[in-house]
Amino acid sequence: MEKNLKNVLVISFGFLLLFTAYGGLQSLQSSLNSEEGLGVASLSVLYAALILSSMFLPPILIKKLGCKWTIAISMCCYIAFSLGNFYASWYTLIPTSVILGLGGAPLWSAKCTYLTIAGTSYAEKAGKNAKDIINQYFGVFFLVFQSSGIWGNLISSLILSQSSTEVEISEEDLECCGAYNCLTDTTNTTGSTKPPKSLIYTLLGVYTASGVLAVLLVIIFLDQIKSDQAETEKEKLEAPSFWSTFLATFRHLKDKRQCLLIPLTMYSGFEQGFLSGDYTKVYVTCALGIQYVGYVMICFAAVNSLCSLLFGKISQFTGRKLLFALATVTNTACITALLLWKPHPKQLPVFFVFPALWGLADAVWQTQTNGLYGILFEKHKEAAFANYRLWESLGFVIAFGYSTKLQAYIKLYILLSVLVLSMVTYGAVEYLEAKSSPGTPTATKKENGGPHSQETYM
């Protein structure tokens, strides 16, 4: 096997093992650690730490440690979060959430840097176009990595469904489920009843082992990038000073189009935060039980992955405006239906329809918003995507932050309001683009989508 391809596969399967654990844990946080909102509070802190990490850590760690060891050490930060869940409390989950958040940005930056260098190196030897090889490597990575959402949730559902304490949820308790859910944990305890500790420890043990395997895979089989190969990349990392990189992110806000895209970028964090933090708790866990959370999120992950691939391909024919319209209509219909629907175990298929439609819409938000940033800010990609990570992560922080303070119907109205604002400001961006280049309709330009990066899921 060609050496560079071997390294790409090592990174791909390492991330698959790592995010099989993290993805499953994130989906369960609001249900597994619901006391005083500990689970969603930990996710809010996690994304706040990710914002700080994105601004400061990646260039420093990659320069000092190199890509291989940055990846390995950052993966250990994810394992710390799994360990913190063994004895979930404010004194264990919050610190480990901070550790994971700080490790998140260096992990993804090092992965991108490694694949880019590997692709460029092979292209030079083979006399091929570097962009084509890099795209192939990223395609292989996402092909393997995207399935982590399926495996992580499948593991949680299979293990938690072993519980012999199946509780029949009364009609009175079911009244507390849905958009107008009862805020107090004591009001409805049947659907939210925790599985036995032995099953929870088994699940956490499997997740921790998966993370440890990921680290060992990288340490043992991933080749360190030779100094001469990494020299060019190091120069890129050293070129801008620490503060100039930091300030460039905010200087980019002088661009009117970037400011107009803030609501759309934050909406991405809001809508993902609602699905994993609220839908799983007040609809699925409340009416069906925690063992169904994994199955529901598998549905979301599978549809999301397939549609990400599909929309990345067809956007060059349909244009991004049509896809944004599709996502807006889909999300609006889902939000309206969730406001009206009273979840009941007899309506089992409906519990899977919502995440499937949500996955379809999310695929548009991720692929097309990423593509939009790449097209609009081609000359300032670094600052633009730093803003993307910043505002999307802020959306996550806010969504998880108010998760325990507000009832679901209020959060749905907030989601709908942000969606409407996002489409208004996005329309303004398209108007400005059409006005500045009337002879070149931007919608027909090829928009590279593909499956979105896990900086979204983080």
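Using the three backbone atoms N, Cα and C, a Cβ is placed for every residue, glycine included.
According to TrEMBL, the protein carries these features:
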- 39-57: transmembrane segment (TRANSMEM)
- 69-88: transmembrane segment (TRANSMEM)
- 94-117: transmembrane segment (TRANSMEM)
- 137-160: transmembrane segment (TRANSMEM)
- 199-222: transmembrane segment (TRANSMEM)
- 289-311: transmembrane segment (TRANSMEM)
- 323-341: transmembrane segment (TRANSMEM)
- 347-365: transmembrane segment (TRANSMEM)
- 386-404: transmembrane segment (TRANSMEM)
- 410-429: transmembrane segment (TRANSMEM)
- 438-458: region 'Disordered' (REGION)
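Here the transmembrane segment (323-341) has Cβ contacts under 8 Å with residues 178-179, 271, 279, 283, 311, 315, 350, 354, 357-358, 360-362, 364-365, 368, 408-409, 412-413, 415-416, 419, 423, 426 of the same chain, all six or more residues outside its ends. Within the chain, the transmembrane segment (69-88) has long-range Cβ neighbours (under 8 A, six or more residues past its boundaries) at 11, 14, 18, 21-22, 25, 32-33, 38-39, 46, 61-62, 95-97, 99-100, 102-104, 106-107, 109-111, 114, 201, 204, 207-208, 211-212, 214-215, 218-219, 222, 224. Here the transmembrane segment (39-57) lies next to the transmembrane segment (386-404) in space: the count of CB pairs under 8 Å, restricted to residues six or more apart, reaches at least 3. Highest Cβ contact count with the transmembrane segment (137-160) among the listed stretches 94-117, 347-365, 410-429 falls to 94-117 (criterion: pairs under 8 Å). For the transmembrane segment (386-404), the residues of the chain that approach it from at least six positions outside its boundaries are 30, 36-37, 40-41, 43-44, 47-48, 50-51, 54-55, 105, 248-249, 252-253, 258, 262, 265-270, 272-274, 277-278, 369-370, 373, 411, 455-456, 458, judged by C-beta separation under 8 angstroms.
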